[in-house]
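Inspection log for the structure reproduced underneath, given as structure tokens.
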């Protein structure tokens, strides 16, 4: 669920998810869309959106899943039918960490509208 995803991001990158990733670029935040992702961080959100689109029959934002930390690694459980949601969230949190160097404050609360055409997954 969204709360668990936020906790993963906070622990992985050490930043509060909402102010830093809640409205970043074209794809971070609710209803991402537009042209090519702005940078590596925005691409993490784009890939996360694509991952969610591939899931069927699972409520993406409110389905709780099991996960844990093994040393510094997120480990998703395997006990629920919608555990793939955890894998999408885990991959995005790791991607944010790997792309901390691409984070650009000019894309935070990005007010310039992104093109309406969907960039293909």
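Backbone N, Cα and C atoms are what each Cβ position is placed from, and that goes for glycine too.
The following features are taken from Swiss-Prot:
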DISULFID  26-114  disulfide bond
BINDING   27, 29, 31, 49  Ca(2+) binding site
DISULFID  28-45  disulfide bond
DISULFID  44-95  disulfide bond
ACT_SITE  48  active site
DISULFID  50-121  disulfide bond
DISULFID  51-88  disulfide bond
DISULFID  58-82  disulfide bond
DISULFID  76-86  disulfide bond
ACT_SITE  89  active site
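Features recorded in Swiss-Prot, as mapped to the structure shown.
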{"residue": "26", "record": "disulfide bond", "DSSP (3 states)": "coil"}
{"residue": "45", "record": "disulfide bond", "DSSP (3 states)": "helix"}
{"residue": "50", "record": "disulfide bond", "DSSP (3 states)": "helix"}
{"residue": "76", "record": "disulfide bond", "DSSP (3 states)": "strand"}
{"residue": "86", "record": "disulfide bond", "DSSP (3 states)": "helix"}
{"residue": "121", "record": "disulfide bond", "DSSP (3 states)": "coil"}
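Close to residue 76 (disulfide bond) in the fold, though at least 6 residues off in sequence, lie 65, 66, 67, 83, 86, 87, 90, each with a CB less than 8 Å from its CB. Between the listed disulfide-bonded residues, namely 82, 121, the fewest other CB atoms within 10 angstroms of a CB are found at 121. In this view, residue 26 (disulfide bond) is surrounded by 22 other Cβ atoms within 10 Å of its Cβ, with every protein chain counted. On its own chain, residue 50 (disulfide bond) has 121 as residues at least 6 apart in sequence with a Cβ closer than 8 Å to its own Cβ. Taking the Cβ of residue 28 (disulfide bond) as centre and 10 Å as the limit, one finds 27 other Cβ atoms among all the protein chains shown. The disulfide-bonded residues in question are 45, 51, 58, and the one with the fewest Cβ neighbours inside 10 Å is 58.
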